[in-house]
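Here's the structure we're looking at; comments come further down.
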Amino acid sequence: MVRVMKEAFKDRLTLHKTVKLVLIRCDDLQSSTPLVFSYVDVLESKSFNFQLWEAKPGQNTTLAVGILCISCVAFLEKMSLAVEQPRPVTGEVKRIPSDPKELSMDGGFVVPDANSFGQTFRDYNAESERQKTVEEFYRMNHIHQTSDFVKRMREEYGKLDRVEMSIWECIELLNEFVDESDPDLDEPQIEHLLQTAEAIRKDYPDEDWLHLTGLIHDLGKVLLHPSFGQLPQWAVVGDTFPVGCAFDECNVHHKHFEENPDQHNPKYNTKLGVYSEGCGLDNVLMSWGHDDYMYLVAKKNKTSLPLAGLFIIRYHSFYPLHKHGAYKYLMNEEDKENLKWLHVFNKYDLYSKSKVRIDVEKVKPYYLSLIEKYFPAKLKW
């Protein structure tokens, strides 16, 4: 077996370079236990980055991974897996019958091995030049994001009385900012917006609403600009989470919530807090930032984006939910349907971050046509 695998995979092929973007069932050879294995398991765990010929019985999940590679590697490199994808969305979000675990996200976009700093994506403990900056950001964020703070921000910025400008003008305004909460990128925001949109466009050429959602999902970061009050970064960027109930331990740098007043308020520090099970995310206050702000801007300016697009804009930074599965007890059925589109989107939002530059002038006419289709010429911000 070892000889055959060495001949097939050589010593240069590791699991990180092999597994494609798909969730698949396989079985442990020793126990016959069924396992579900995903690309996230590989990309975010160093323990899976072994030489393929080293897979041995008794390695539990890694054995299941080895089985997947032995059976499929020659084919996965050359073909896309035909797995049911979310149905096209036109105007209204339709029911999506497929389970998120069955979604193949293997298309024109290829997930890179590392972020622009050579580290694993979303590794908040990696030794890098940005690690200390990122942790300090989350310390401030977790201390100050309280229910009272969120209510004040939503009331103040929900008035949309700051500026009137077009979507593209807002994109250009963002170009001078770098997200201090992001361990994966230190490029201006317009680079990330176009990287995300273009990656989606490759794999979903017919879903123009999703291309535009990729382009505008981070525009709420204009809250950093003097025209919008120049809010501190901890009030604009970073992972989002519900306030008004207990802070789940999967939140990044959870230890810093200890200094948040809500952590010690019996009204807010239980699992449900002020909410009820299945109340729906629309009834849940999220930590204040660019997600919720851009959602308010889009909705109040009467965008014609489908509900799935608005859901992506509002919750794309809600990693505790769409990465770890936390807070699902707050969701209703509509949330569960829209979450399937958010899972699709997240791959492009996270893994498209790189040093590869996009020719802005070349793609600009296409995105201007989408903006005209889904938004008014000028928006209130």
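Heads up, the Cβ atoms here are built off N, Cα and C, so glycines get one too.
On a predicted model such as this, the values are computed, not experimentally measured, just so you know.
For R122, D179, E180, S181, K221, G238, D239, H316, S317, the entry in TrEMBL reads substrate binding site.
Positions annotated as Fe cation binding site by TrEMBL: H192, H217, D218, H290, H316, D349. A sphere of 10 angstroms centred on the C-beta of H217 (Fe cation binding site) encloses 26 other C-beta atoms.
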Seminar exercise, completed: Cα of H192 (Fe cation binding site) to Cα of K221 (substrate binding site), in Å and rounded, measures 12
Exercise. Of the binding-site residues K221, D239, S317, which sits closest to H290 (Fe cation binding site) by Cα distance?
Worked result: K221
Exercise. At the Cα level, what's the spacing in Å between H316 (Fe cation binding site) and D239 (substrate binding site), rounded?
Worked result: 9
Exercise. D239 (substrate binding site) has how many other Cβ neighbours within 10 Å of its own Cβ?
Worked result: 22
Seminar exercise, completed: Apart from the site residues H192, H217, D218, H290, H316, D349, the 8 Å Cβ neighbourhood of the Fe cation centroid comprises L193, T196, K221, D291, S317
Exercise. Which ones in the same chain are close to S317 (substrate binding site), with CB under 8 Å and 6+ residues apart in sequence?
Worked result: V237, G238, D239, T240, G289, H290, D291
